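For reference, the structure discussed in these notes is given below.
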Amino acid sequence: MALIDAIHAREILDSRGNPTVEVEVLLSDGQIGRAAVPSGASTGEHEAVELRDGDKGRYLGKGVQKAVDAVIDQIAPALTGFDATDQRSIDQAMIDLDGTPNKSKLGANAILGVSLAVANAAAASADLPLYKYLGGPNAHVLPVPLMNILNGGSHADSDVDIQEFMIAPIGAETFSEGLRWGVEVYHNLKSVLQAKGLSTGLGDEGGFAPNLPSNRAALDLIQEAIKNAGYIPGKDIALALDVASSEFFKDGAYQFEGKALSATEMSAYYAELVADYPLVSIEDPLDENDWEGWKTLTDAIGDKVQLVGDDLFVTNPSILQRGIDTATANSLLVKVNQIGSLTETLDAVSLAQRAGYTTITSHRSGETEDTTIADIAVATNAGQIKTGAPARSERVAKYNQLLRIEEELDDAARYAGRSAFPRFKG
């Protein structure tokens, strides 16, 4: 039994040049676990609180020294001597120490950093890769990558309202093959954009961010790139969207493509897209508080496409339960920093899967080289992962980790492929 001997934290930088928390946990057997905490650009209002310093004279107010101090001065003394394998008790001790419903005292970034670092240390102590430590012998499914290759919304400086246009290599036989297909489409998209005189500048998550006349224009460009790469849209590679609609929901209407639309009108728009394009997934199609609209949309097209609750559910089991009870949405986006601890994240995944909801392990737009979410995706047999374009090292780090896991699993590895999207009829 390895006990927690010491916990240290520091400020490091994320992929957007903003400070974030990194934590190291030292165990009595000499093993060390490390984890860095991601940060989002478009965040749900019900997410656990990311503690920032607010000192405008330092990192423009975005420093995280308060969270670092919380780890060193409060969390570390409270957890010293805990059995590192008792993850649930460790996480609960931090939640109790914080004492708020949204982790606003210590900060979700402080609690999560410790939670993930403990898991990494315990896995090292057990001489197991993290995915096997968390998932046991059943951890063998490699996720379909939802690769964000064209950016709009708050991830880019353009007139495109939808935040992420993604490709999903559903027809591949293995993860490595699916990743290769995605890379080839990504590079073909760059060539398509260049040929049309469009910008090939990159957004936060490595996708291209051209200024386009409409959201459909973005889908058309991606389909052209898929064909140019030698693949068939809908058969080999499908499309997916993250609308992030809460970002353009103002004064009771959706400010979309120059018009103020109702939830009913937005639902009709999505139904047309699903009919016209090989779409397997639409994330946050409506505002996080528009539960009535979400229910109407789910009833209308939920049998044809994956409807993903990100801002809607914020990886919170109690909010997800409301969705399950009302048959609202049919998929959960899993972001560890939305809820702020590993065990609460695993609880949300388990609840979703038991209810027949699909699950997607996800990065944030502000990322680091930490690869923990790749292991979580395999540990939970999530079937899908969102971790950006096949560009920028903080995104590629997760893909490379999944390649290593697939190689290690060898014949036991299974790629989720088309089975990850049971509602897709394409």
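Even glycines carry a Cβ here, placed using N, Cα and C.
The (2R)-2-phosphoglycerate site in Swiss-Prot is built from Q163, R364, S365, K386 plus one of K190, K335, K398, namely K335. From the candidate list E265, E272, E283, the residue Swiss-Prot records in the Mg(2+) site shared with D242, D310 is E283. Cα to Cα, K386 ((2R)-2-phosphoglycerate binding site) and D310 (Mg(2+) binding site) are separated by 12 Å. Proximity note: of the listed recorded positions (E205, D242, E283, D310), D310 have a CA within 10 Å of the CA of K335 ((2R)-2-phosphoglycerate binding site), given in sequence order. Within its own chain, E283 (Mg(2+) binding site) has E164, A240, L241, D242, V243, A244, V308, D310, L333 as residues 6 or more apart in sequence whose C-beta sits under 8 angstroms from its own.
Around E205 (active site, proton donor), taking its Cβ as the centre, 31 other Cβ atoms fall within 10 Å, counting all chains. Candidate binding-site residues: Q163, R364, S365. Nearest to E205 (active site, proton donor) by Cα distance: S365.
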